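Engineer: Submitted below is the structure of interest, expressed as structure tokens.
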Amino acid sequence: MLPRKRPRSGRSRLQFLLLFLTLGCVLMMVILLHPPPPTLHQAVTAQASKHSPDTGYRLDFGDSQEWVLEAETEGDEYSLLDGLPSFISLQEDQLLVAVASPRARRSQSQGRRQGSYQFIKHRSRRWDEEALEKDWRTEEDGEESEEVLTPLGPDSDGLNKPLSARLPLRRVLPEVRHPLCLQQHPTSGLPTASVILCFHDEAWPTLLRTVHSILDTAPRALLQEIILVDDLSQQELLKSALSEYVARLEAVKLLRSNRRLGTIGARMLGATRATGDVLVFMDAHCECHPGWLEPLLSRIADDRSRVVSPVIDVIDWKTLQYSASKLHRGTLDWKLDFRWKPLGEQEQKALPSPISPVRSPVVPREVVAVDRHYFQNTGAYDPLLSLGDSENLEMSFKAWLCGGSVEILPCSRVGHIYRSQDASSRPDPEVALKNKIIIAETWLSSFKETFYRHIPEAFTLSKVAKPDCTERLKLQRRLGCRTFHWFLANVYPELYPSDHRPRFSGKLHNTGFGLCADCQADGDILGCPMTLAPCSNNRQQQNLEHTGRKEILFGGPQRLCFDVRGGRVILQNCTEEGPAIHQQHWDFQEDGMIIHVLSGKCMEAGVQPSNKDLYLRQCDGKTSQLWRFDQIHPVDER
């Protein structure tokens, strides 16, 4: 039986070998007919080969430059750093992390300061190529960039994402600089720059277009790094895919926070990791014009206390068309809202050259450059400010009042996508109002009362939860900062023309009764008779101003002035011109009497217990005709 089984066993082995070879051949045919898609490494390498190193971006296939800032407690709440020392006090080995964890706090209590910070570097994960192909394109054909793209409506964040996804990541912008700018040759020895881009769920193509625009237009010798700060984005594409993409771009680093910091906190985080001489804070939906960086660095190299910004051109959110802006200055109003103001014809003629730097009261928040050490030594951003609103006002006031200056440079141009007004990602109104209160309490000195008069709800909120600005006021004294009246007199006098500035302000006290002028009406106060009431710091209605125009302004959102009807003092709309203007003129005498200029009579409080209204009477100097304001403003403060 054994001789019969052996041939059967040999045939079985031969059949198995033939079957194995057949399967191998089938597999090879399948691979040849259906090759796998190129890897990310191959795709990016092929893309890079289309561009020269001088004009394009270079790639580095080393380790991913990604840092994750970790805290044990997770959450989407906005939070600045508990226990994190002020930026000015950080040492080089402490500029690592922006979110402190409970474990770190326990370490700090043991006496080692560095233990308050965790710094974790993660290897990047494999990216999602299907999502990548779905949400962005990398066409770089110049002709395709001229294709007419159909505008669509805005997404929830106010951007036309479908149109943006169809637009090439790299496109040539129209030349909008003045011809003299093209004759400028950057000098050698300019400082290096760290460009900090903070984002939260930014559209993928918009973010990458900003990154490549910087890489393509900034000289490599001057660009120290681009630091991307992910402020807890939730989009999947901004996680693993972005990590892999950034890993292959030279001089681009990615920082992630696992707690929502807001724009101010995220910019602070990027600043702590930056190594360039100059910090350039830029929104993550910009495109840079060639030659945008050199003028910024040149002006800062000449004076490290300068805070500078490019001309901000407009990229339409509907069509993504790039439009040049005329020369503007950044200004503000008494509600502490930022305003663009066109440079007038006379102001342009006063410039030494069409490309001369423009002094600006306020720097725009879209793109701003500042020397890194100057930023540190002047306290960086105010840690009390939340999210991202009004930080440009704080930086501008600090620069002007503490020995620096603010400029907009015509030869530096950067386009910015201004989101649709229907965007749902605006800052919380109450948070924005709190930021304004902090700035008013910190920088406006006595002029904060004017701010509160324009926003009564801010006055009410400040009484409920007044911010503790002690540390910032100490910083002002340490830096030897000027007061806000210097800003009004020397930087932006248009905000407060001399004849509108108060000679006296605050509560108007009647010497005879020890009470204050007030309006007791509810609702509409137009025509309200003025009366006496117990003095209170919590009543905005008692905050008055006597101006250089001899008006007595009422402390409310409306511009109302003391007027006279039938011998009684009432509130009426302030008159700017015409004969009726004299009806609202009051002369405040040194002896305390307030004389109505048109009639020559004095303002007097009623002496009856049931009637404390204000009337006009013949001047006789009795105590019911004597008044005083809380504050007197010398001429040099007006």
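Heads up, the Cβ atoms here are built off N, Cα and C, so glycines get one too.
Okay, so Swiss-Prot annotates it like this:
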TOPO_DOM  1-12  topological domain 'Cytoplasmic'
TOPO_DOM  36-638  topological domain 'Lumenal'
DISULFID  Cys181-Cys411  disulfide bond
REGION    190-299  region 'Catalytic subdomain A'
BINDING   Asp231, Arg260, Arg419  substrate binding site
BINDING   Asp283, His285, His416  Mn(2+) binding site
REGION    357-419  region 'Catalytic subdomain B'
DISULFID  Cys402-Cys481  disulfide bond
DOMAIN    503-630  domain 'Ricin B-type lectin'
DISULFID  Cys516-Cys535  disulfide bond
DISULFID  Cys561-Cys574  disulfide bond
CARBOHYD  Asn573  N-linked glycosylation site
DISULFID  Cys602-Cys619  disulfide bond
Engineer: DSSP on His285 (Mn(2+) binding site), three-state: which is it?
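Structural biologist: In the DSSP reduction, His285 (Mn(2+) binding site) maps to coil.
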Engineer: For the region 'Catalytic subdomain A' (190-299), jot down how many residues DSSP puts in helix, in strand and in coil.
Structural biologist: 44 helix, 33 strand, 33 coil
Engineer: Given the disulfide-bonded residues Cys402, Cys535, Cys561, and counting only Cβ atoms in the protein chains shown, which has the most within 10 Å of its Cβ?
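Structural biologist: Answer by Cβ density within 10 Å: Cys561.
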Engineer: To the nearest whole angstrom, what is the C-alpha distance linking Cys561 (disulfide bond) and Asn573 (N-linked glycosylation site)?
Structural biologist: 6
Engineer: Fill in the CA-CA distance, Cys602 (disulfide bond) to Cys402 (disulfide bond), as an integer in Å.
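Structural biologist: Each residue's Cα considered, Cys602 (disulfide bond) and Cys402 (disulfide bond) end up 44 Å apart.
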Engineer: Among Arg260, Cys574, Cys619, these being the recorded positions, pick the one whose CA is nearest to that of Cys481 (disulfide bond).
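Structural biologist: Closest recorded candidate to Cys481 (disulfide bond) by Cα: Arg260.
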Engineer: I'd like to know the mean pLDDT over the region 'Catalytic subdomain B' (357-419).
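Structural biologist: Mean pLDDT across the region 'Catalytic subdomain B' (357-419) comes out at 94.
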Engineer: Report the DSSP secondary-structure composition of the region 'Catalytic subdomain B' (357-419) as helix, strand and coil residue counts.
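Structural biologist: Per DSSP, the residues of the region 'Catalytic subdomain B' (357-419) fall into 17 helix, 20 strand, 26 coil.
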Engineer: So the record assigns Asp231, Arg260, Arg419 to substrate. If I measure every Cα pair among those residues, what is the longest distance in angstrom, as a whole number?
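Structural biologist: Max Cα-Cα spread across the substrate binders: 21 Å.
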